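Some features that TrEMBL has for this protein:
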type	residues	note
TRANSMEM	30-53	transmembrane segment
DOMAIN	46-295	domain 'G-protein coupled receptors family 1 profile'
TRANSMEM	65-91	transmembrane segment
TRANSMEM	97-125	transmembrane segment
TRANSMEM	145-163	transmembrane segment
TRANSMEM	202-226	transmembrane segment
TRANSMEM	247-265	transmembrane segment
TRANSMEM	277-297	transmembrane segment
Amino acid sequence: MWPQVMEKDNTSSFEGFILVGFSDRPQLELILFVIVLTFYLLTLLGNMTIILLSALDSQLHTPMYFFLANLSFLDMCFTTGSIPQILYNLWGPDKTISYLGCAIQLYFVLALGGVECVLLAVMAFDRYAAVCKPLHYTVIMHPRLCGQLASVAWLSGFGNSLIMAPQTLMLPRCGHRRVDHFLCEMPALIGMACVDTMNLEALAFALAIFIILVPLILILISYGYIARAVLRIKSAAGRRKAFNTCSSHLIVVSLFYGTIIYMYLQPANTYSQDQGKFLTLFYTIVTPSVNPLIYTLRNKDVKGAMKKMLGKGGAEI
């Protein structure tokens, strides 16, 4: 009777997972710890600056900066939901994560990644309206529509994760606890399963079409119309202004979609763990930290707002 009870308790109380990460390369872990911590601090500083500027400067109370502030808030949430665990695992010998911690991490990584896909498409539509419909821009992108589009982005990402995260976590793993990754990420967790995962992969691919490919197609269509409108502008100054308006967003889209498509639109059996780890590092720490830099360096309004804020601060001192 007693052994049976013990066995039942052991199976019902799940111990969690071991995030292997780069534990086989301890010297690399120390280097990565410094790099990840540096990028994390830059992410927090840069995105917090964008949010503050968008809120405090009246000239930035426009749809473009409303969506940019959403993107900055999203990047802060995304990195804060994953990087502290990465830093903890890189710093010491303990590589464990509780089942609940893994579930929360998986849910938010999937959700916020999905939100960014849709939000980037919304931002592309905003640029299309600004370049192709300049006279009707304020009528088209009114505050209510902006709020609705932002809500669609957030609800789409969290809705997708609400479907995929439980399905991934409930896969039988036959006692396997070692995750060959430093995050509880869907491809790595699916790869641990000891059953056929074809149906789940098909579901993931179908949802990825709506969350990843459809927004990407809408972005490409928007920029097709934008390119046609820019080519019709006769003055070089006008073309340069229109290009500068859209170039920052295009760079961010390229960085984000280049990695996310590789990660989530391929079968799990072709998934390379080492490539996956470094790509995850890239879109987890690099992309969120360079987004504010891209928008700041290539945007006169943001640079002007920053100088104004720093000037006021200097004057008060």
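Every residue gets a Cβ built from N, Cα and C, even glycine.
Where the annotation comes from TrEMBL, it is an automatic prediction and has not been curated.
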| Long-range Cβ neighbours of the transmembrane segment (247-265) (under 8 Å; 6 or more residues past either end) | 71, 113, 116-117, 120, 123-124, 127, 185-187, 204-205, 208, 212-213, 216, 219, 223, 275-276, 279-280, 282-283, 286-287, 290-291, 294-295, 298-299
| request: Among 30-53, 65-91, 97-125, 145-163, 277-297, point out the range having the most Cβ pairs under 8 angstroms from the transmembrane segment (202-226). | output: 97-125
| Close approaches to the transmembrane segment (145-163) from elsewhere in its chain (Cβ under 8 angstroms; 6 or more beyond its ends) | 63, 66-67, 70, 106-108, 110-119, 121-122, 125, 203, 207, 210-211
| Distal contacts, the transmembrane segment (277-297) - CB-CB under 8 A, six or more residues away | 21-22, 32, 35-36, 39-40, 42-43, 46-47, 49-50, 68, 71-72, 75-76, 78-79, 82-83, 86, 181-183, 185, 248, 251-252, 255-256, 259-260, 262-263, 303, 306
| remark: Beyond a gap of at least 6 residues from its ends, the CB atoms lying under 8 Å from the transmembrane segment (65-91) belong to 19, 21-22, 29-30, 32-33, 36-37, 40, 43-44, 46-48, 50-51, 53-55, 97, 101, 104-105, 108-109, 112-113, 115-116, 119-120, 122-123, 126, 146, 149-150, 153, 182-183, 252, 284-285, 287-288, 291-292, 295, 301
